[in-house]
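A.B. asks: Below is a structure I'd like to ask you about.
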Amino acid sequence: MEKKWTYCAVYSIIQMHLVRGIVEETFGAEEHIYALPGSDVNLTCQTQKKGILVQMQWSKVTDKVDLLAVYHPQHGFYCDSKSACRSLVAFREPPGNVFEWTLYLRNVSSSTTGKYECSFTLYPEGIQTKIYSLKIQTNVAQEEWKNNHTIEIEINGTLEIPCFQNTSLEISSVLTFAWLVEDNGTQKTLTAGGHPISNSALFKDRVRIGTDYRLYLSPVQIHDDGWKFSCHVVVRPGRVLRSSTTVKVFAKPEIPMIVENNSMDVIGERIFTCSLRNVFPTANLTWFIQRSFPQGEREEMYTTSEKRKNKDGFWELKSVLTSAYDNKPAHSNNLTIWCMALSPAPGHKVWNSSSEKITFFLGSLNPPIDSPLNATESTLGTRPSLANSISPTGYRTPSSTAHVDVSTSTSNVILPSVQTSNSDVPTRGFNYSWTSSGKDAKHSAPWMPSETNSSPSSGAGSTLPGDIFTSTTRASSEVPTTANVSTKNNHITGTVISKPKDGMSWPVIVAALLLSCFVLFGLGVRKWCQYQKEIMQRPPPFKPPPPPIKYTCIQESIGSDLPCHELETL
């Protein structure tokens, strides 16, 4: 009997430790969610990927725990309702090594008010829970909770949002403050009572509350763009003030890089690539060409563009310009090409940056090389007019590439200033007005408006020198030019490619050498095969028969053996 009680005591101690371990792994700070009647609310909880996920569930806490939905990695979803589980809950694994479990509440009312429990069961971590308290706001005056603002900030900066802007609201201990964040209809509580309570991995160690309930977010990241932060102040029961602030994030791109693909063929085709990295939210790439050709020279020019988003959320733009000359230049002709990037900046400004220039002297053997460009120096003259642009609150998608022809018959083209510093001009569109004087612009290239698919203007005489066309649209032009353009250029180090004296390009020479080697190799193989065939057709050499074998006998005196002559006959 004594041994039985001992075993029971040891078993009870082990069970107490197991239960204690599970309770220690269970966590959850209650968050208050405020919603208006008839609105949609999304409740989202997250947890770190530690151990093995057993299951997760949503429950409503009343006198008892009412199961709403369960998710199991192997068995899928189960919902205790007539509606489909896909319209009630959602499970995701977003970046950041976390699990995300969302409950959708549609058309909320007073019956929806209550506490909702989100729980994760992990092995061997245990059970982790999070409780949300949903409260329906009633008798809220419309003019009290609608107060929206927008803040623009550069990446890696410190975001400071006052609870109420341009409002003489006296801070009192009687008032209840709470900061919430909203994205795509999902609303989460960041702080309550002046203390951060959100366990979201996106805002971990980045949120701080000031003495006057200002929200500080540092450092600002790319994925903060579009977040709406709301400050809720409960003045008295049924009276809630709300001020919402939307964040717009900007990133200054790198200086564009321009290179030439070493693939010029016999018809004089040149391919240039302009690349721009770390772009957010958008940018425009514009090609500039300064050239001087004798009369009768013709060319075809078109651009293509592409963009992609890297793993950090930045955009990378690339524009490819192809220029093909029909005739071989009879004289020494120069070609200078570069690209410019325009991207929006906070405060309705624009970041301007220009690539280095590449200068070619077609038909010349030893072209000069220019000196490098100072990035803060104006290189193109007077800034263009941007009177029709608007603020960066509604940016267009980037047109990515445009083409500007600087060479005309006798026109004087005023080019935009290319500086890396900010300029006090609106940022949407980046369309320019180019002015020219002299003869009619009938010799200029046809154009297409940026970011549209409309056809070029009718007639070559209706276009202006320096027009911009969409990079993704092929626009071929035959432009005879009769005069050189004198333009002030800052010298920039460029890549210079010269042609041989005889005018033959190096790909043709390499192809001829390879063809000669191939012919010689084929002749050698053919000669070897003929030699092998002759060897196989020769008759086999004559081989004489072997000589006869003679046997010798050694006679012994013992026994009656046969004499030697008899053995020889055998």
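Glycine too: its Cβ is placed from the backbone N, Cα and C atoms.
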A.B. asks: Considering the candidates CYS8, CYS85, CYS118, CYS163, which is the cysteine that Swiss-Prot reports in a disulfide bond with CYS45?
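C.D. replies: That would be CYS118, the partner Swiss-Prot lists for CYS45.
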A.B. asks: Per Swiss-Prot, which of CYS163, CYS274 is disulfide-bonded to CYS231?
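C.D. replies: Between CYS231 and one of CYS163, CYS274, Swiss-Prot records a disulfide, namely with CYS163.
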A.B. asks: Identify which of CYS274, CYS517 is listed by Swiss-Prot as the disulfide partner of CYS339.
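C.D. replies: Cross-referencing Swiss-Prot, the cysteine bonded to CYS339 turns out to be CYS274.
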A.B. asks: Cα-Cα, whole number of Å: CYS118 (disulfide bond) versus ASN42 (N-linked glycosylation site)?
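C.D. replies: Rounded to a whole number, the Cα-Cα distance is 12 Å.
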A.B. asks: Of the residues in the domain 'Ig-like V-type 1' (38-125), how many are helix, strand and coil by DSSP?
C.D. replies: 6 helix, 52 strand, 30 coil
A.B. asks: Could you please provide the mean pLDDT value for the domain 'Ig-like V-type 2' (156-222)?
C.D. replies: 77
A.B. asks: May I ask for the distance between ASN107 (N-linked glycosylation site) and CYS274 (disulfide bond), taken between their Cα atoms and rounded to an integer number of Å?
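C.D. replies: Distance between the two Cα atoms comes out at 51 Å.
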A.B. asks: Radius 10 Å, atoms counted are CB only; among the disulfide-bonded residues CYS45, CYS118, CYS163, CYS274, CYS339, which position scores highest?
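C.D. replies: Top count of Cβ atoms within 10 Å goes to CYS339.
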